[in-house]
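According to Swiss-Prot, the protein carries these features:
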type: BINDING; residues: Asp45, Phe46, Asp47, Phe48, Asp49, Ser94, Leu95, Glu120, Arg143, Glu177, Lys289, Lys313; note: NAD(+) binding site
type: ACT_SITE; residues: Lys122; note: active site, N6-AMP-lysine intermediate
type: BINDING; residues: Cys403, Cys406, Cys421, Cys426; note: Zn(2+) binding site
type: DOMAIN; residues: 593-681; note: domain 'BRCT'
Amino acid sequence: MPKKKEDSQKTLSEKEAKGLIAKLSDEIRHHQYLYYVKNDPKISDFDFDQLFRRLQDLEEEFPQFKDLASPTLVVGSDLDKDFEKFQHKLPVLSLINTYNDNELLEWVNKTDPEGLYSVEWKIDGASIVLYYENGILKNGVTRGSGGIGDDVTDNIRTIRNIPLRLPEPITVYLRGEVFMTFKDFEEFNALSSGKYANPRNLSAGSIKQKNSSDTAKRPLRIFTYDATFPNMEKKFKTHQEIFSKLEKLTFPVPPNTAFVSGSKIAKTIQEFKKQKDSLGFPTDGLVIKLNDISKRDALGYTSHSPRWARAYKFDAIMKESKIVDITYAVGRTGKITPRAEIEPISLAGTTVTFATLHNQDYIDELGVGIGAIVRVAKRGEIIPAVEEVVTPGKEVFKIPDRCPSCNTQTIKKESLVDLFCPNPDCPDRVKNGIIFYCQRKQMDIEGLGDKQIEFLYDHDYIKSIADLYDLKDQKEKLMEEEGFGEKSVNIILKGIEQSKQKDFRFLLPSLGLSELGHKVTELLIEHGIDSIDEILSIAKDQKKIESLLEIPGIGPSTIQAFQENFSDKRILKLIERLKKAGLKMKADPIQVADQQPFAGQSWCVTGSFENFQPRDKAMDLIVYYGGRKVSAVSSKTTHLLAGPGAGSKLEKANELGVSVYDEKQFLDLLKSLKIDFKNLI
């Protein structure tokens, strides 16, 4: 009989864990410095991800040893003190990596199996963002932290195939990758006594040269692969249209980009793989993107990456092993995830004893069973994955149709391949929900790691998130438990008490409600939906619920989840208990400096203007003086600045009674406020 989930870290003593956390922290900081600052990485992305995830897991398991300066609290950046800093106009996100066809196709089937996708070369170079205004290259900026980058414009201007002036006076922001061809790299490296390791490192270092004349001597090139046109009234419907526009604007794009249906992606990947070794430029994989822009908008983003794209990485490291057992775990959402326990193997310097099997469809497709000899690949996860079956076991493993934790009949949700336990009282679901709530990125309750929460649940101290706030009533009893001395109990209770001061913008996503993560929470707050009372009011009104679709980044799936979440009596009871416990149920106001005339106002800007070209300059001015930017007119919008071509936004504003200003009225307003806008734009 398969066993329940076991914690692979339980064999570590606290002393061993403390030492390992310190060692991993130092090692990761060293590699972050080499990668982001020196552009001289010494280990692969695989190995770095493994170290990072290992440290994250240990810190969650032993939170008492987490360091306030832990590298897991800091996002890596290539910012350099020698360059001016530039605030990106849009978040510069990364992509989620996949390492095999099965994983990618699982995402395709979940996203849009019949849709059209682009398949592009993933260039192995240095990421750059180009900003053009009225057809002129204004800024070239490194990705940096994703929000702020280094302005390396002078160096970027020296790259031969970057157009400095476009054939149209258009404003456009582009993502691109700076690289060198193998031929150019070999020739340049020969002249430099062979001191450069590879084209990628040389490209990254070249755009960070302090003297642009040195950059000009290096044979750099660029491919652009995505763009935003902020002022175009006619929006693009597909990524293919954007690609065509880039080519018309004389931007170089990755060659041989294919646009294929979801059913043809696997075949297309094989065709690309046949070409990769004969390419003249460095690539480390492919990028697969959903073609339909409206579908992208509906899917939206996480805080780190778009949901509508994936990176497909080449050449995962693989080794053979034997499956000893197959276990399965129940997550907080009820999802049941099987994993193979394998004979220990060494992959990229780490000992691997478990490998994920994803779901029953994946198991069936590969024909995985206990006793099988399989190939295991190192991936971007802490637990690698079974990729191939070399020698089958006696029979293909079947996940039991009942939850391993509570014995409830499992179900399949619409359009998903995973099995789920539907029982909200399932012990493993509840425990993992509490663990999620307490994690560092959520409510960050010190002293409560996985082990402590499992103990408290199993010994009837807590049975829900709300029970944490009654734990103080059992302090004396808890201190008598093994491993819970007075000091550790005081740390736990202090952490619980301090969590009451966490902003509502942390509380709401920490509840683990479907589709209500940090990104959606921020979108709601930005649009004035900043309290639980406001949310519950909307949940009772169908028209108000539908109006949420006006918020960019919120799609139909989020709306459906919103309705389901806030009509669930269990969730409503939890919210009520947390209210009574004293947690914050309204977002803290953003502090605005004195003399901010637009403070408390929400402005939308549309149309064209004589004094504000591009029109973003008007919005930047409003934000500078305390206003809030909104991209669509809704009942929460207080003002609309409308120029010629305003269209439907002006009609909507008039319907809702929003204050409308034309350009002359806006200039008069600025004059009355004694704002000299010409010195600011």
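Our numbering is plain: 1 for the first residue shown, then up by one each step along the chain.
Positions of Cβ are set from backbone N, Cα and C atoms, glycine also.
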Please name which of the binding-site residues listed here, Asp47, Asp49, Arg143, is nearest in space to Cys426 (Zn(2+) binding site), Cα against Cα.
Asp49
When the domain 'BRCT' (593-681) is classified with DSSP, how many of its residues are helical, how many are strand and how many are coil?
31 helix, 14 strand, 44 coil
Applying the rule Cβ within 8 Å of the centroid of the Cβ atoms of Cys403, Cys406, Cys421, Cys426, what extra residues of the same chain belong around the Zn(2+) site?
Val330, Gly334, Pro404, Ser405, Asn407, Thr408, Thr410, Pro422, Asn423, Pro427, Asp428, Arg429
Candidate nearest Leu95 (NAD(+) binding site) in space, where candidates are the recorded positions Lys122, Cys403, Cys406 and distance is Cα-Cα:
Lys122
Nearest to Cys403 (Zn(2+) binding site) by Cα, among Asp47, Asp49, Lys122, Arg143, Lys289 (recorded positions)?
Asp49
Report the nearest neighbour of Lys122 (active site, N6-AMP-lysine intermediate) in space among the binding-site residues Arg143, Lys289, Cys406, comparing Cα positions.
Lys289
Nonlocal neighbours by CB distance (under 8 Å) for Cys421 (Zn(2+) binding site), same chain, sequence gap 6 or more:
Val330, Gly334, Ile336, Cys403, Ser405, Cys406, Thr408, Thr410, Asp428, Arg429
Among the binding-site residues Leu95, Cys403, Cys406, Cys426, point out the residue whose Cβ has the most other Cβ atoms within 10 Å, with all shown protein chains included in the count.
Cys403
Provide the number of Cβ atoms within 10 Å of the Cβ of Arg143 (NAD(+) binding site), excluding the reference atom itself.
21
Cβ neighbour count (within 10 Å, all chains shown) around Asp47 (NAD(+) binding site):
18
Going by DSSP, is Asp49 (NAD(+) binding site) sitting in a helix, a strand, or coil?
helix
